[in-house]
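Shown next, in structure tokens, is the structure this report addresses.
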Amino acid sequence: MEVYASLFCSFCGTLLSFNSELAAAVCPLCRSQKDIKELQGKQFWYRTTSEGLARRLGIELLVKPSDLNEQEADETDVPQRAMVNDECPKCHNPQLEYYTRQLRSADEGQTVFYECPNCRYKFAQNM
């Protein structure tokens with residue numbers, strides 16, 4: 001518990017920021033300081049997001065996380081698959097969607113996954 005207590009301001013409870021110029025840990029809220037020697041030899045780990053890091057450093061992100069989420073959603077909403085003129089074994093639709101994956105060792109063929117756009121029947125074939 002002592003390690004956790006040393007990370008936070010003893011007056012207001014805010015997480016301390018380390019200032020190497022002052023050789024102290026400074027509270028960003030109430031500006032109280034803790035001598036860096038009190039924390040010497042202790043390891044501290046914390047997690048942050050890209051937004052939190054950018055805010056802390058006072059920089060603007062080139063790509064905002066919300067833009068990435070929209071782009072990922074666009075890519076996953078409509079999978080782009082090739083079409084082949086083969087008959088569906090279940091509903092006899094004349095075309096199937098397909099894509100390939102290398103699931104086995106590199107010296108063996110790829111696995112072809114088929115899906116009927118009509119009945120959504122799925123099957124695989126090793127090539």
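Placed from the backbone N, Cα and C atoms, the Cβ positions cover glycine too.
If you look up TrEMBL, you'll see 1-25 marked as signal peptide. Marked as zinc finger by TrEMBL: 9-30. If you look up TrEMBL, you'll see CYS9, CYS12, CYS27, CYS30 marked as Zn(2+) 1 binding site. Per TrEMBL, domain 'TFIIS-type' is recorded for 84-124. Annotated Zn(2+) 2 binding site per TrEMBL: CYS88, CYS91, CYS116, CYS119, in sequence order.
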Please report the Cα separation of CYS88 (Zn(2+) 2 binding site) and CYS30 (Zn(2+) 1 binding site) in Å, rounded to an integer.
70
Any further residue of that chain within 8 Å (Cβ to the Cβ centroid of CYS88, CYS91, CYS116, CYS119) of the recorded Zn(2+) 2 site:
PRO89, LYS90, HIS92, ASN93, LEU96, PRO117, ASN118, ARG120, TYR121
Which residues of the same chain, at least 6 past either end of the zinc finger (9-30), have a Cβ under 8 Å from a Cβ in it?
36, 39
Any idea what the Cα distance is from CYS116 (Zn(2+) 2 binding site) over to CYS12 (Zn(2+) 1 binding site), rounded to a whole Å?
62
Other than CYS9, CYS12, CYS27, CYS30, which residues of the chain come within 8 Å of the Zn(2+) 1 site, judged by Cβ distance to the Cβ centroid of those residues?
SER10, PHE11, GLY13, THR14, LEU16, PRO28, LEU29, ARG31, SER32
May I ask for the distance between CYS12 (Zn(2+) 1 binding site) and CYS119 (Zn(2+) 2 binding site), taken between their Cα atoms and rounded to an integer number of Å?
62
What average pLDDT is reported by the model for the domain 'TFIIS-type' (84-124)?
88
Measuring Cα to Cα, how far is CYS30 (Zn(2+) 1 binding site) from CYS91 (Zn(2+) 2 binding site) in Å?
71
Cα-Cα, whole number of Å: CYS27 (Zn(2+) 1 binding site) versus CYS119 (Zn(2+) 2 binding site)?
62
For CYS9 (Zn(2+) 1 binding site), nearby residues of its own chain (Cβ under 8 Å, 6 or more apart in sequence):
LEU15, LEU16, CYS27, LEU29, CYS30, SER32, LYS34
Got a sec? Which of these binding-site residues, CYS12, CYS30, CYS116, has the most Cβ atoms within 10 Å?
CYS116
